[in-house]
Amino acid sequence: MELFPVAVNGVSHAEDPFSGPLTFIAPWNYKVLATLMFVVTAASLSENFAVMLVTFRFTQLRKPLNYIIVNLSLADFLVSLTGGTISFLTNYHGYFFLGKWACVLEGFAVTYFGIVALWSLAVLAFERFFVICRPLGNIRLRGKHAALGLLFVWTFSFIWTIPPVLGWSSYTVSKIGTTCEPNWYSGNFHDHTFIIAFFITCFILPLGVIVVCYCKLIKKLRKVSNTHGRLGNARKPERQVTRMVVVMIVAFMVAWTPYAAFSIVVTAHPSIHLDPRLAAAPAFFSKTAAVYNPVIYVFMNKQFRKCLVQLLRCRDVTIIEGNINQTSERQGMTNESHTGEMSTIASRIPKDGSIPEKTQEHPGERRSLAHIPIPENKVCPM
């Protein structure tokens, strides 16, 4: 099977897409795309580099539950470094000037790192479910468990992104001619089987994990809130986490649903005529996830923000770490910290995962969940 047939992605290329721009697309369209990719890539690289740098500098952030957060930032950083940078350059030139094999490598790298980031979100959801709901009783999330999660993410993603390089489907130039992607437009049944399998394992399955884990987590929080009082403050952790979960799921859907829907529609109807500029939109949406993932999953964590601010002020890291150690208990008890709220709830759930019966207490003795000392897991971005 030829990697690049005469007709590439449904566009008849008497003009080689690797030798010059498509003549029926005005040059200014490519300049607009280049500008957008420059903004997205610059923002993503700076944000995700900040996440990795701060985690490296502050030992308080190097906790098992944060391993997958850093992994997400690494994957997003690599997506932007490879796909974002190359997309900016190729759109600036108006065509994929790097050649056929560079197209294969770029298509593989962007798809691989993108799926690593996507599955990192699913593993993060599972780990939060594991910590809060305690499905295995008193077994805690430790470094070896987090490391196994990372190994799964990178291995599973590689298994489902290497086949096009080896002949099961292919990586080819996109319809607009400036990026490379899996060959959605192939009419070959052999290629269709890969697209369907890829759609199930790299979109439906992780989305299912995310939805199920967060729904069970919210259900557990609701039970805890109902058990420990009817005061507004007792409901606050549940409301905060519910809002955060909604944001996470919506962000996931915004980033990946257009790309998944596009791949299925084009696979089902290979001869469909789409404007190349419209066909480029789903891939652009998926790349923007690298910008808002750090905001949702990292920058909204109070302790991380404090470390980042201190680092930007160029203060001595040793002094900063000492200050954080001295105030960690107070941070855990603050109402503003998602970390404290999640750890508080986890500490109130019995080791067997059951919900204790309500006990009679005097009005003056009733306390909010947010004011209970936190014994562990103080760094738990939520």
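Glycine too: its Cβ is placed from the backbone N, Cα and C atoms.
According to Swiss-Prot, the protein carries these features:
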{"type": "COMPBIAS", "residues": "330-346", "note": "compositional bias 'Polar residues'"}
{"type": "COMPBIAS", "residues": "349-368", "note": "compositional bias 'Basic and acidic residues'"}
{"type": "DISULFID", "residues": "Cys103-Cys180", "note": "disulfide bond"}
{"type": "MOD_RES", "residues": "Lys287", "note": "N6-(retinylidene)lysine"}
{"type": "REGION", "residues": "330-371", "note": "region 'Disordered'"}
{"type": "TOPO_DOM", "residues": "1-35", "note": "topological domain 'Extracellular'"}
{"type": "TOPO_DOM", "residues": "57-67", "note": "topological domain 'Cytoplasmic'"}
{"type": "TOPO_DOM", "residues": "89-103", "note": "topological domain 'Extracellular'"}
{"type": "TOPO_DOM", "residues": "125-147", "note": "topological domain 'Cytoplasmic'"}
{"type": "TOPO_DOM", "residues": "169-193", "note": "topological domain 'Extracellular'"}
{"type": "TOPO_DOM", "residues": "215-244", "note": "topological domain 'Cytoplasmic'"}
{"type": "TOPO_DOM", "residues": "266-279", "note": "topological domain 'Extracellular'"}
{"type": "TOPO_DOM", "residues": "301-382", "note": "topological domain 'Cytoplasmic'"}
{"type": "TRANSMEM", "residues": "36-56", "note": "transmembrane segment"}
{"type": "TRANSMEM", "residues": "68-88", "note": "transmembrane segment"}
{"type": "TRANSMEM", "residues": "104-124", "note": "transmembrane segment"}
{"type": "TRANSMEM", "residues": "148-168", "note": "transmembrane segment"}
{"type": "TRANSMEM", "residues": "194-214", "note": "transmembrane segment"}
{"type": "TRANSMEM", "residues": "245-265", "note": "transmembrane segment"}
{"type": "TRANSMEM", "residues": "280-300", "note": "transmembrane segment"}
Tell me which of the recorded positions Cys103, Cys180, Lys287 sits in the most Cβ-dense spot, judged by other Cβ atoms within 10 Å. Cys180
Which whole-number value in Å describes the distance between the Cα atoms of the residue listed as 'N6-(retinylidene)lysine' and Cys103 (disulfide bond)? 17
Region pair the transmembrane segment (104-124) / the transmembrane segment (194-214), three or more CB pairs under 8 Å: yes
Residue counts for the topological domain 'Cytoplasmic' (125-147) under DSSP, helix then strand then coil, are 14 helix, 0 strand, 9 coil
Quick check on the topological domain 'Cytoplasmic' (57-67): DSSP residue counts for helix, strand, coil, in that order please. 8 helix, 0 strand, 3 coil
Tell me whether Cys180 (disulfide bond) sits in a helix, a strand or coil according to DSSP. strand
Residues of the parent chain within Cβ reach of the transmembrane segment (245-265), under 8 Å, 6 or more residues beyond its termini: 118, 121, 125, 182, 184, 195, 198-199, 203, 207, 210-211, 214, 217-218, 272, 279, 281-283, 285-286, 288-289, 292-293, 296-297
